[in-house]
Structures are given as C-alpha cells and as structure tokens.
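Participant: This is the structure I have questions about; it appears just below.
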Amino acid sequence: MLAPATSSGTNTLRSVEQQINQLQTLRHRRRPFLPFPTPWEQAYLQHRQQRFLEVDFAMMLIGMVLYLSFAWADWVFGGDQSMWMIAVRAMLTLALLLLALHLRQQQSARLIPMTAIGIALVGCSIVAFTTQLEGSIRFAYHIGIIPVQVFAMVLLRNSVRSFLTCSLAMLGVYIFTAWWLDEQASNAVEAALLSLRPLFILFWLLLIILGTYLALAMERVSRLEFVQNRALELEAQRQQHLVEQLHQLSITDGLTGIANRRQFELRLQEEWQRARRYGQWLSLLMIDVDDFKAFNDTLGHPSGDAALRQVAAQLHSVCQRSGDVCARYGGEEFVLLLADTPAEAAHALAERVRQLVLALDICHPASKRAWLSVSVGVASRQVDGSDSAAALLRQADQALYQAKRQGRNQVCLAASSVSS
Ligand SMILES: Nc1nc2c(ncn2[C@@H]2O[C@H](COP(=O)(O)OP(=O)(O)OP(=O)(O)O)[C@@H](O)[C@H]2O)c(=O)[nH]1
C-alpha cells in the first residue's frame with residue numbers, strides 16, 4: 001500500500017520544516033554572537049574549515065617562515081643565549097608545521113583552536129627571549145610581539161573565542177613576566193624605554209579590543225551565511241518532499257491507500273509494452289464486490305468504506321512481485337494486473353482472492369450468501385502486436401459480467417484467454 005510511505009514522507013517534511021523555523025529564529029537574533037545547537041555547531045565548524053582552510057594554511061606558512069627567519073637576530077644579538085634561542089625557534093616551527101599539516105589533512109575542525117595555541121606559544125617564546133637578552137636590544141624583541149598579535153587578528157578573525165584566549169594569554173604572560181622580573185635600567189635609554197612599557201601594554205590592549213570587534217563581526221557574518229545556506233538547502237529538500245507527496249497523492253486512492261485508476265492505467269500501458277517486447281503473458285483480474293449497494297443500504301456507508309478497505313488490503317496482500325499492480329478501479333471495483341502470468345496461474349490467483357475476501361467474514365445481511373463476497377473476471381494473453389491493453393481490459397470486464405450473471409461469488413475466465 002502507498003499510505004505508509006506517504007506518512008513517513010510527512011514526518012520527514014515536518015522535521016525539515018521545524019529546522020527551517022529554527023534557522024529563521026536564529027537569523028533574526030539580535031545578539032552579536034550566534035551560538036548554534038550542537039549538531040549545527042559541528043556542521044558550521046566543518047563548513048568554516050572547508051571555506052578558509054587553504055587561504056589560512058598559506059598564511060600560517062608565511063607566519064612560520066617569518067618567525068623562523070628571525071633566527072638571524074638571535075644569532076647576531078643573542079650572544080651566549082643565541083644557540084638555545086635558535087633551537088627553540090626551529091623546534092617550535094617544526095612542531096607547529098607538522099601539527100598544521102596533520103590537521104589540514106584530517107580536515108579537522110580543531111585547526112582553529114590549535115592555531116590559537118600555536119600563536120600563543122610563539123608569543124610566549126618571544127617573551128621568554130626578552131628575559132634572556134641583555135642590553136637595549138631586548139626592547140626590539142618586546143616590539144616583536146606586535147606582529148604576532150597582528151597574525152592572531154588575521155588567522156583567528158572568524159573565532160572570537162580563540163582570538164581572545166590566545167591574545168589574553170600572551171598579554172598575561174607578558175605582564176606577569178615584566179612584574180616578576182622587575183627589570184632595572186642600566187642607562188638613560190633603557191630607563192626611557194621601561195617607562196614607556198605601560199603605554200606599550202595599552203596599545204596592545206587597544207589592538208586586542210579592535211581584533212575582538214573585528215572577529216565578532218566576521219564570525220557573525222560567517223555564521224549568518226552558514227544559516228542562510230543551510231536554510232536554502234532545507235528549502236530545496238522541502239520542495240522535493242512536497243513534489244513527492246503530491247505525486248504519491250496523485251497516484252493513490254484516498255480511501256484504501258492502494259493505487260488509483262490513473263496509476264493503474266499508466267502501469268497497464270507500461271506492462272503491456274514490456275510483455276510485448278518479451279512476448280510474455282499478461283493477466284488482468286477485474287474484481288467487483290457483490291451486492292454492495294444492498295450492503296451500504298443495510299449497514300450504512302461508513303461500514304461500506306471499512307469493508308472496501310479490508311478487501312483492498314486482502315487484494316494487496318496477494319501482489320507479491322514488482323510487476324504486479326493492485327488498484328481501485330472505481331466504486332466497489334478493483335483490478336489486479338499480473339505481469340508474466342499465464343491464464344491458469346491467473347485463474348488460480350483469482351480463486352484465492354475470492355476465498356480471501358470470504359475469509360474476512362464480513363457479515364452481509366442483505367445477501368443470500370450472508371457474507372461479503374466478490375466476483376472476478378480474468379483475462380490473459382500472451383502479448384504480441386495483434387491486440388491492445390484496452391482489449392484485455394474489455395475481456396476481463398466481460399468475464400466479470402459473466403460471473404455476475406452466473407450467480408456472483410465466483411471466478412470466470414474470458415474465452416479469449418483460453419484460446420491464446
Ligand atoms: N461505502 C461506499 N460505497 C461505495 C463507494 N463507491 C461506490 N460505492 C457504492 O457501491 C454500490 C455499487 O452498487 P452497484 O453498482 O449497483 O452494484 P452492486 O450493488 O454491488 O451489485 P453487483 O455489482 O451487481 O453485485 C453503490 O451503492 C455505490 O454507492 C465507496 O467508496 N464507499
């Protein structure tokens with residue numbers, strides 16, 4: 001029967017519509033940050049990853065090359081400390097490169113948080129270098145933290161959380177180190193530079209505030225774009241479900257849930273053509289409920305409807321093969337189209353159908369048999385170019401008429417079926 005398929009389609013449609021409504025609510029939220037429910041958050045991270053992966057990865061490589069290239073400064077100004085500073089630079093760059101390559105290959109959504117950790121480590125390494133250097137040159141290393149902060153602004157532009165965590169971690173380490181070491185100036189220039197440190201921290205803070213604002217705006221745009229794309233995808237799914245449902249409705253009988261006459265006529269033409277191509281047998285059973293007007297008149301139309309549904313279910317149960325079609329032809333008349341089935345097999349099946357309906361034990365007070373029964377007309381032919389599907393239908397109808405004339409509750413095989 002077609003009805004259950006339609007109801008599962010309705011459930012899917014409802015779930016798609018619920019998601020569209022949820023997305024609409026999200027879209028109209030005024031808050032600067034747009035968090036998603038967990039499954040969508042995962043999908044969003046994946047989407048962001050795919051969109052920016054290549055461009056961000058190139059930027060990371062540039063950052064690593066720049067960081068490593070400053071080994072020359074360690075070599076020239078590092079004095080006794082130069083070797084370990086270069087070693088730290090090289091090892092950190094190598095570790096970050098391997099990690100970035102791995103996460104890129106995995107298409108992992110952790111690339112952004114890992115980038116934040118990597119940038120924070122680079123920043124901390126520069127703070128560590130400043131603690132080891134002697135003389136005024138160490139203040140050039142202090143300034144070196146600013147390009148790192150700018151890289152954080154660029155690479156973490158779509159993730160406020162990662163940007164803030166990374167930036168505040170670097171600033172925190174810097175302030176803590178400055179306070180803990182309590183550096184002393186050895187000349188007037190150093191004293192002037194040390195007195196400028198609060199200003200430096202203030203500039204840095206301004207940079208972080210600016211970066212946070214940019215990241216919030218960029219992330220919001222990126223999330224809204226994701227919501228919009230998802231809504232479009234779901235809308236396309238909704239349209240497709242609606243078209244499928246409409247199609248199902250157009251080929252289904254509303255009362256019984258089996259195929260309707262329209263669908264039967266289409267399938268009859270298809271099966272007729274197929275049988276003609278392969279020279280196969282095609283059989284048609286026309287089934288009519290006996291004395292149904294009297295049934296309705298005595299038990300009422302609702303009981304008549306219920307009886308028709310039960311009969312349809314029995315008929316449907318005998319259609320086992322994919323080429324078989326069970327349809328309501330109209331009123332209390334049904335048809336079974338049996339592909340690749342010769343006359344004897346069709347006759348046997350028709351007899352089974354008749355008995356199955358009797359076995360329903362539906363009481364029919366106005367019938368002389370006392371139980372609801374059907375008459376069946378059977379027409380079969382081995383299809384060639386000499387005849388038409390309409391002729392097969394006519395023959396089945398004539399056989400049904402004969403079954404009615406002979407007293408109902410019986411099966412009649414069309415004469416033409418035997419001679420074929
Ligand atoms: N309850 C109900 N009755 C229907 C439906 N479609 C057709 N009928 C009734 O089926 C009856 C068919 O009556 P007839 O064509 O006179 O045939 P019959 O009484 O079955 O007599 P025979 O076919 O000669 O045995 C009519 O009373 C229709 O109203 C339906 O969907 N529901």
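Even glycines carry a Cβ here, placed using N, Cα and C.
As annotated by TrEMBL, transmembrane segment applies to 57-77, 83-103, 115-133, 139-156, 163-181, 201-218. TrEMBL lists 280-416 with the feature domain 'GGDEF'.
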Participant: So what's near the transmembrane segment (139-156) in sequence-distant terms, Cβ-Cβ under 8 Å and 6+ beyond its ends?
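Facilitator: Beyond its ends, the transmembrane segment (139-156) has Cβ neighbours at 56, 59-60, 63, 66, 70, 73, 77, 112, 115-116, 119, 122-123, 126-127, 129-130, 133, 162-163, 166-167, 170, 174, 190, 193, 197, 200, 204, 207-208, 210-211, 214-215.
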Participant: Would you report the average pLDDT that the model assigns to the domain 'GGDEF' (280-416)?
Facilitator: 95
Participant: Return the stretch with the most CB pairs under 8 A relative to the transmembrane segment (57-77), choosing among 115-133, 163-181, 201-218.
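Facilitator: Between the stretches 115-133, 163-181, 201-218, 115-133 has the largest tally.
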